[in-house]
Amino acid sequence: MEGGFGSDFGGSGSGKLDPGLIMEQVKVQIAVANAQELLQRMTDKCFRKCIGKPGGSLDNSEQKCIAMCMDRYMDAWNTVSRAYNSRLQRERANM
């Protein structure tokens, strides 16, 4: 068994680590973790808002509430994300 990160990081097989490849893999892992956290938060908030008495199935009003809640949550998240990215770009341009 090899080290904790496996052999994917070497790239050329020479045993040297490729910093660019490592950065890309870290970025992918961060993006996946962020998506999982977003989904978990959205699920928790919408469940608490829409499901009064958990049962074997969702009634029609609960289904509509969940769908609308998730749509609003994603819209809000996208709006905040765009504003944040725009601000980061402006700040980078001013450096």
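Placed from the backbone N, Cα and C atoms, the Cβ positions cover glycine too.
In Swiss-Prot, the annotation motif 'Twin CX3C motif' applies to 46-69, one of the ranges 46-69, 70-93. Helix, strand and coil counts under DSSP for the motif 'Twin CX3C motif' (46-69) come to 15 helix, 0 strand, 9 coil. Cys69 (disulfide bond) and Lys53 (N6-succinyllysine) have their C-alpha atoms 17 Å apart, to the nearest angstrom. Across the structure, Cys65 (disulfide bond) and Lys53 (N6-succinyllysine) are spaced 14 Å apart at their Cα atoms. Looking at Lys53 (N6-succinyllysine) and Cys46 (disulfide bond), their Cα atoms lie 14 Å from each other.
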